[in-house]
Amino acid sequence: MSFVCTKGAHQQVLHSRKQANEIVEDIEDESGRIKRQAYRDQKYPRTIWANNTVNYYFHWDTTNKVKRAFRKGAGLWQKDTCIDFVEDNSAYDRIRVFRGEGCWSYIGRVSGEQGMSLGNGCESVGTVAHEIGHAIGFWHTQSRHDRDQFITFNAHNVKRDWLDQFARQTTHTNDNYGITYDYGNIMHYSANSASWNGQPTMIPNDPKYVETLGSPIISFYELLMINKHYGCDKNCKPDESAKCKNGGFPHPRNCKTCVCPSGYGGTLCGRRESICDYIISVPGGNGGKRKVRTANEDDGLL
């Protein structure tokens, strides 16, 4: 088994014996291969959902509030990817959504029935979308192999039994697909996660992002990465696809339109849009101020 669980406002990654063995082997023999954020063990691509279809059903104890949040969270992932979520309790590979202790999910497809616990405190759409992110294959962002280039990890501020949650992943278990580090995404821990003394466990190396770790919203880069992980880009032939601007990519469900980065819109991402993420820089150094969007985290999502 492998899953992510939440204690109160904190989420843990728990490894199966197989995953733990792969991680240890990779630590002992670093080969310089590309390391991964999306989960890719020795069974890949069998760890992704067959036919890009995630089957699920609700256990009898699941509340209506959680059902609504799950359907909406699944819809947010489905909207801009080639992944479909189908309510089907008879499929061989399926997620059983139930009211367990805390919020946790297996990482990727396990084979057969796998659980997703959405207990008390797990009812927000952002929290559920985060757990669905694990179920389709994401580790936490701060587990990227290159995280030390972007954040400073303060191990001395972390609760001792949480230290393993900040371990970097290895060549056998996750892939960045050449995509930049994203501070403000739904799979990133917040700055004070798992702190025993109230001090930050992580600090962005770029001070512009000091208030933006984590988000209750799925980011553009997460959509880009999961589309690559599931091969959604293969749906769009280059000569028949939109020529997206400003880093956008052809929409896997309609190749004539684009999925656009934050701040851009229009069919080809050529239109600048009003956004909530902004930076105001005032020249002059001492008198200058910078203001960046802070994720309003009131639902316990990390």
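Cβ atoms are placed via backbone N, Cα and C, with glycine included.
Remember, TrEMBL labels are computer predictions, not curated facts.
Over in TrEMBL, the protein carries these features:
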DOMAIN    37-233  domain 'Peptidase M12A'
BINDING   H130, H134, H140  Zn(2+) binding site
ACT_SITE  E131  active site
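Mean pLDDT for the domain 'Peptidase M12A' (37-233) in the predicted structure: 92. Least crowded of the binding-site residues (H130, H134), judged by neighbouring Cβ atoms within 10 Å of its own Cβ: H134. Its Cβ taken as reference, H140 (Zn(2+) binding site) is surrounded by 26 other Cβ atoms within 10 Å in the chains shown. A 10 Å cutoff on Cβ-Cβ distances gives E131 (active site) a total of 26 other Cβ atoms nearby, all chains included. The residue listed as 'active site' sits 10 Å from H140 (Zn(2+) binding site), taking the CA atoms of both as reference points.
Under DSSP, H140 (Zn(2+) binding site) is assigned to coil, being neither helix nor strand in the three-state scheme.
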